[in-house]
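Below: one structure, written as structure tokens.
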Amino acid sequence: MSTFVNDTVEDAIKTPELDQPFEALGLKDDEYARIKEILGRRPTDAELTVYSVMWSEHCSYKSSKVHLRYFGETTTEEMASKILAGIGENAGVVDIGDGNAVTFRVESHNHPSFVEPHQGAATGVGGIVRDIMAMGARPIAVMDQLRFGALDNPDTQRVLPGVVDGISHYGNCLGLPNIGGETVFDDSYAGNPLVNALCVGTLKVEDLKLAFASGTGNKVILFGSRTGLDGIGGVSVLGSASFEEGEERKLPAVQVGDPFAEKVLIECCLELYKAGVVVGIQDLGGGGLACATSELAAAGDGGMRVNLDNVPLRAENMSAAEILASESQERMCAVVTPENVERFLEICAKWDVTCAEIGEVTDEKDRYVVVHNGEVVIDAPPSTIDEGPVYNRPVARPENQDELQLEGEIARPVDVEEIKAAWLKLVASPALASRAFITEQYDRYVRGNTVQAKNANAGVLRIDEETNRGVAISADASGRYTKLEPNTGAQLALAEAYRNVVSTGARPVAVTNCLNFGSPENAGVMWQFKEAVHGLADGSKLLGIPVSGGNVSFYNQTGDEPILPTPVVGVLGVLDNVEQSIGNVLPSEDNDLYLLGETFDEFGGSIWQQVSGAGLNGLPPVVDLLNEQRLADLFVGSDLFAASHDLSEGGLGQTLAELAIHADKGMDVDLSQIHPSLFTSLFAESASRIVVATNRGEELEKRAAELGVPVFKLGCTNDSAVIAVKGADVEFTVSVEELREAWTNTLPEAFGHAVGANAVVA
């Protein structure tokens with residue numbers, strides 16, 4: 001038993017005027033007053049800690065709830081019919097047919113990754129994997145969305161190697177393939193990097209698990225790693241506040257991960273599920289035991305009593321508040337019927353997983369009681385802990401938004417040599433250069449079910465070895481577009497993720513998101529947030545695919561400067577047969593090349609605008625989601641395509657370069673019908689476009705015409721190792737080797753040819 005002297009409920013009643021450090025825990029004056037009103041007294045230290053954790057921005061969504069409701073308001077019955085678990089659960093779960101379900105979610109670990117890059121990123125992977133485990137699923141793959149400051153910024157040089165090393169170390173040790181992602185460099189992320197991790201898992205429909213505590217007398221069992229002092233205050237210290245300059249040393253609030261412990265925990269959980277001994281389950285992530293137990297209690301049909309004296313600890317004399325707020329990793333909390341406790345403990349012992357019975361479900365409805373050292377340190381309604389306050393914060397369009405949307409001048413090369421130089425400059429830019437320097441550290445093919453990963457439009461995985469049924473997943477975002485017009489920016493992210501999935505031949509079925517924004521106390525940021533939510537919700541409704549869940553990360557700023565608003569959007573698609581999926585590597589034999597979709601003179605927020613020094617201004621490309629649907633109708637179930645590659649940042653020039661580099665193929669292309677300006681044809685970033693390779697051009701042209709998809713023949717591939725480009729009145733050539741050298745050298749040169757302990761440079 002701990003020798004720590006607790007502040008008990010009895011003490012709180014006797015000392016009502018005791019000063020408490022509620023502000024240091026992130027609570028406002030009115031929130032503290034509300035807690036006292038709920039309890040009818042001052043809170044104990046443990047109660048104050050639990051309320052501060054659960055009412056933090058990270059856990060309560062108190063500034064975003066009023067806007068997130070719009071996702072539910074725009075979800076039709078038809079859209080919701082395939083969602084087995086949606087918004088509010090640990091992860092969205094989608095019924096994909098044949099008794100199979102897929103769960104996926106993306107979550108942020110931004111602030112911890114700035115403070116301690118390796119552990120912050122590693123535990124971000126571990127946390128999202130446990131979210132998937134808590135749904136009753138086996139995790140099968142991860143992805144990541146990373147944002148850093150400018151490539152030459154000293155802070156980027158400090159943070160990126162640790163983040164990449166953390167992701168690769170944890171994911172590789174778990175034996176989970178990393179099947180895709182994005183890495184973006186922009187000044188706005190200096191001092192506040194974004195580390196968003198996505199995980200996907202599979203399960204049988206009947207094996208779905210949910211987070212609730214029901215059944216009076218059922219036991220609450222904590223299992224996994226022991227509880228220590230790491231990560232205390234993570235969600236309130238790091239997840240709910242912005243950084244000031246020089247605040248990178250908030251180390252006590254950063255969790256420490258052990259991937260080998262999590263790997264064992266995965267197998268232990270799966271055996272527990274198979275044995276049928278779990279009534280409800282919750283992972284321990286942000287908010288630790290305080291969050292897990294209070295959420296289980298709030299979602300159940302009774303109350304809960306927890307005895308902290310039974311919690312396995314790895315530090316001596318921990319207070320009740322410390323035990324509850326600890327964010328030690330690799331822990332789960334389960335509700336188990338009394339008759340199944342023995343079997344539960346046996347399975348944990350088999351896997352050498354530490355476990356302990358720490359409480360039980362009671363018949364005291366909406367009562368959450370916690371005991372430590374034999375004394376009651378918490379006695380509160382769990383519903384008030386779980387629900388938290390809801391703020392409808394001021395929303396105001398920024399005063400400079402109109403000025404920002406004015407189209408500025410950009411350099412427009414006309415001379416052949418200038419256009420060629422611009423092309424090489426673009427592919428070599430930090431925005432578009434090869435990410436192999438990073439991704440080669442990730443194991444993409446472990447488990448043997450990865451069909452597409454490296455340089456693919458979307459990650460493709462087989463989930464059923466007998467039927468070859470599979471899924472395609474893509475996650476995308478553009479902070480530059482969203483800064484210019486948040487509603488359109490969010491829809492462009494949705495459109496790109498949707499198009500990436502479609503270009504593999506998969507049928508999109510669901511959406512997830514991670515919304516990364518600045519301070520919610522800034523009315524301009526809240527306008528960006530509201531507009532982005534509405535854009536994403538309206539876009540998902542138009543496409544007919546539901547938002548199955550998501551995450552919000554506020555306070556992403558350094559001082560008063562917020563990051564670019566960055567709504568990361570993930571789309572999940574289903575493939576009936578992964579062997580028929582469409583890749584993005586040109587076949588060895590020559591094929592005709594076609595461009596699907598129209599090209600307009602759209603450079604607002606483009607990479608060319610950034611690389612040419614024109615800043616950020618204008619309007620982003622027009623998004624037409626009906627055009628995206630027409631592309632889906634053309635691709636899903638089709639066998640017309642030998643390869644495909646969507647167009648996004650960098651436009652057609654970037655797509656042609658990547659196709660040629662990956663296959664070491666040359667090509668002859670005539671762009672005179674794409675746009676009168678060769679420069680615009682190559683570098684504009686119009687949406688709803690895909691380049692395809694096919695030897696069945698006439699069939700493609702006929703089918704595209706039937707669906708209303710604009711189609712332009714570009715030319716054909718060859719073995720010349722040269723791209724020959726023809727415009728309306730100019731022609732030039734560029735060798736594939738020139739493009740490859742420009743594309744591959746940027747990151748290795750910037751980081752001295754090594755990133756982290758696991759670096760393997762291709």
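Each residue, glycine too, has its Cβ placed from N, Cα and C.
The active site annotation in Swiss-Prot covers His58. For Tyr61, Arg105, Asn513, Gly550, the entry in Swiss-Prot reads ATP binding site. According to Swiss-Prot, the Mg(2+) 1 binding site annotation covers Glu107, Asn551, on the basis of sequence analysis. Taken from Swiss-Prot, the feature substrate binding site covers Ser108, His109, Asn110, His111, Arg130, Gln255, Glu327, Ser328, Gln329, Ser553, and the record attributes it to sequence analysis. According to Swiss-Prot, the feature active site, proton acceptor maps to His109, an assignment based on sequence analysis. Summarising the annotation, Swiss-Prot assigns Mg(2+) 2 binding site to Asp131, Asp283 and lists sequence analysis as the type of evidence.
Annotated features taken from Swiss-Prot, shown on the structure.
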| residue | record | DSSP (3 states) |
| --- | --- | --- |
| Tyr61 | ATP binding site | coil |
| Arg105 | ATP binding site | strand |
| Asn110 | substrate binding site | helix |
| Arg130 | substrate binding site | helix |
| Asp283 | Mg(2+) 2 binding site | strand |
| Glu327 | substrate binding site | coil |
| Gly550 | ATP binding site | strand |
Should any of the recorded positions His109, Asn110, Arg130, Asp131, Asp283, Gln329 have a Cα within 10 Å of the Cα of Asn551 (Mg(2+) 1 binding site), which are they?
-> none
Number of Cβ atoms other than its own within 10 Å, given for Gln329 (substrate binding site) | 29
For Arg130 (substrate binding site), find which of the recorded positions His58, Arg105, Asp283 come within 10 Å, Cα to Cα.
-> Asp283
Simplified DSSP label at Asn513 (ATP binding site) comes out strand
Closest to Asn513 (ATP binding site): which of the recorded positions His58, Glu107, Asn110, Gln329, going by Cα position?
-> Glu107
For ATP, residues beyond Tyr61, Arg105, Asn513, Gly550 with C-beta within 8 angstroms of the site's Cβ centre include exactly Leu68, Ile87, Val106, Glu107, Thr512, Cys514, Leu515, Gly549, Asn551, Val552
Across all chains shown, how many C-beta atoms besides its own are within 10 angstroms of the C-beta of Asp283 (Mg(2+) 2 binding site)?
-> 27
Check: min Cα-Cα distance from Asp283 (Mg(2+) 2 binding site) over recorded positions His58, Asn110, Gln329, Gly550 goes to Gln329
Please work out the number of neighbouring Cβ atoms within 10 Å of the Cβ of Asn513 (ATP binding site), leaving out its own Cβ.
-> 32
Could you measure the widest C-alpha to C-alpha distance across Ser108, His109, Asn110, His111, Arg130, Gln255, Glu327, Ser328, Gln329, Ser553, the residues recorded as binding substrate, and give it to a whole number of angstrom?
-> 21
What is the number of other Cβ atoms found within 10 Å of the Cβ of His58 (active site)?
-> 28
Closest of His58, Tyr61, Gly550 to the residue listed as 'active site, proton acceptor', Cα positions, recorded positions only | His58
How big is the gap, in Å, between the Cα of Asn110 (substrate binding site) and that of the residue listed as 'active site', rounded to a whole number?
-> 12
Give the number of CB atoms, excluding that of Glu107 (Mg(2+) 1 binding site) itself, located within 10 Å of its CB.
-> 26
